[in-house]
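According to Swiss-Prot:
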CROSSLNK  735  ubiquitin cross-link
CROSSLNK  783  ubiquitin cross-link
CROSSLNK  875  ubiquitin cross-link
REGION    1-485  region 'Polyubiquitin-binding'
REGION    563-616  region 'Interaction with RBCK1'
REGION    910-1072  region 'LDD domain'
């Protein structure tokens, strides 16, 4: 049928737009996209499935159409933004709640009737004291529901905009809505007709001539509108006019008295509301006077019950005399009672004024913020009057209305929304809490007129007007309603119990519908999984082409169909078919894996679409992130311009000429250049010769030619080193050499003995080594660098037993090694003994010679061992003799020094002495008493020097010294063997008179005595030796004076040498 096809097309278009809104919440739909929905001829109920659009427009149709349509359009715009925010991936921080005191919300959404109902459709169903919020158990909003409601809000806002612009394709829509509203108003007026006829017999007439009889008040609707405001374009009764125009923004409006109003009943606006006389036609006795052919409009209205406190008020009253709430106030719940039982109301405050809840300051009615603390006005929780002391607040009713009150309180009435039979006064249903029109269902058996003719009842004791009186209705209807109420309360109890356990109300209701169990929560835990599996299996059997169904899809279908198994299977199949069609329209059919994606993601189309898109883009992602080298293009193509454009665009070269230069270098034969190297070089220069040199730099170590950007260069020199040589050199230096050997492999710079160059060099070398070395080698570099820094600390010590270094900050001579836990002397490096305590190192050594049998057994070898070699730079001790080469290389700090005088050895061109004659060779500057020179003396000459200065020396082994097995010198030396270096005894022949030592070690023994006693060997120099020493130290060739004899010449040279080159503390050996 055409109607069904139009409805189907409308739903398809509507679902497409909702899906687009879910995918992109910020998407703006054009008028062309919305036209299929706007041009539809379906009724409003079929076009707006969630939103009650007709009621929303009718409830706000007051005044000029353009004014209220603009107001409604603005409110819908804000509501649309609420929906889009809920659909956005980055929702606002406080998306879960909406505050009523928000100025934007209060001036737009809350200014129209039905705005809060739209928020409840979004999911804001939890009532808060100051707003609405999502339920606590709901972590995320229902995207489908939110998208559908947002689309309908958007559609209605667009329709209203088109109506205002007179461009709506169905312009008669607004007229139809307004005609329906007029018909509804007339229907409600006709419903009052029987009641009015019963109260006041006579025809119910309405004024036919405008202005002949004033209409009802625009604000309260109960009293006649006797005052007309041209600015507001509304008619108000005097009481409402006083309240409405008391606002500062409307205080300047001028009002006019409508014609046909008696001047006696007109109230001056200058009088307060409490001083205004009541209209004369409000007496209830006057309603029964048959002489009145037409009732006064004011007397055609009934006394009204307050919906909050059930107080019976007179017809002309705008606010309830008990709780100060307006006549149109909806039914409210109990509030928190104050200390006087007034529910927190303050009767001392003037009507309309309000007290700040923070500072209790009394503010004017028009004030929005407190005048003292500037905090906003908060809504007061409503309450019922429950204390007997509140009777003083209520005005005593008229004696004539007491009979009407008794009759009205004995009435029962049906709610027009839920058809519940109510017996309490007022028109707020106790079941659905909604207000109904005041149409009593049953009347008292006697008419009001007969009861009124008997005169007023006798006055009695005052009674509470707010207490409802019990009444009864028909037994069958009452029983039916009681049963419905009992079942409803039971269902509500089950739902609350389920929500406490994490089950939603739909699950509880569906469980009851499916199983009829009395314990639905237990059934959901035990039986629901099997039911869902059965639904999924039956759905798969019904249409095997749709693939397997997930339990999530079965669950949603089962809940949507309220537990009906067959309908759930149909819904599951229908939903899956629609989702497959949606994915297929997007380019993903079943052959692309759409069925499997839907199953994996529980039927979620957006997640399934994301998965399918990810699978389709996977080859592109792999190709994009592939770490392999890019294919090298061919540079021999005939289209040179195309190649130049490619270089210019892809590699961002500075100019067209640079791109042509790069292409010419790439086309040269032989082709030894890489593309990246050429591009990098061309960016720095455009000189072809310079670029060729830049692209062919030779390694200073191996001679391999590489581009300059691949070479490594140190900051200390201009040598260029290829990556392989750089990595290999520094790896070997780290693993097999000292930290000071990490210099340039080509030129050997810088000199790492200079502390000023050391810091700057290693700071830049660290960055280069991090990118070139292996992680273990780089870690070793940092370890050695740290040790080198620690060795420069003046409090650094080397253990004399295990060669472990540590920082020793104590002042005592006794130090304990943290590694081997051996104790030794800080100064002499000998193993600590109790005899050393309180003695100097020299006294302790003499004590060892005289009292230690082991020391005596070793003889002079122990003396030489104790007077071993100490590195002057790092203080590391070597228990070795000085025989052999005097050039010593410290294994710890790589310092080169003389083992006799501890002066440094200098490499080629490193000597700081400006007048040095041997600067171009490895050399050292020794004092004249150094073993370096005295080892050439004979033992007898050394003995003579000691004898001349009365120094005792040994010529025979000390008493108790043991001989070495096999004979030979027993002094320990470091000897080079095929496997490395080894410490062992000297083993050379020991001549007689040499104290059991070989000739070299006996000379070392004698020289150590000469150095210990600071003896100057120059006293035994011959003339030739004096001239050589003078030339060596003073850099001049001495000549004898004229007539100077040789002895005088020798004495003069000796005096000059000893005075100008003394043997003082400048010798490093004496400072150790």
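One is the number of the first residue shown, and numbering goes on along the chain from there.
Even glycines carry a Cβ here, placed using N, Cα and C.
Here the features listed in Swiss-Prot are painted onto the structure.
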| residue | record | contacts (Cβ under 8 Å, 6+ apart) |
| --- | --- | --- |
| 735 | ubiquitin cross-link | 777, 780 |
| 783 | ubiquitin cross-link | none |
| 875 | ubiquitin cross-link | 796, 797, 798 |
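Per-residue pLDDT, averaged over the region 'LDD domain' (910-1072), rounds to 82. Counted with DSSP, the region 'Interaction with RBCK1' (563-616) comes out as 43 helix, 0 strand, 11 coil. Under the DSSP three-state reduction, residue 735 (ubiquitin cross-link) is assigned to helix. According to DSSP, residue 783 (ubiquitin cross-link) is assigned to a helical segment.
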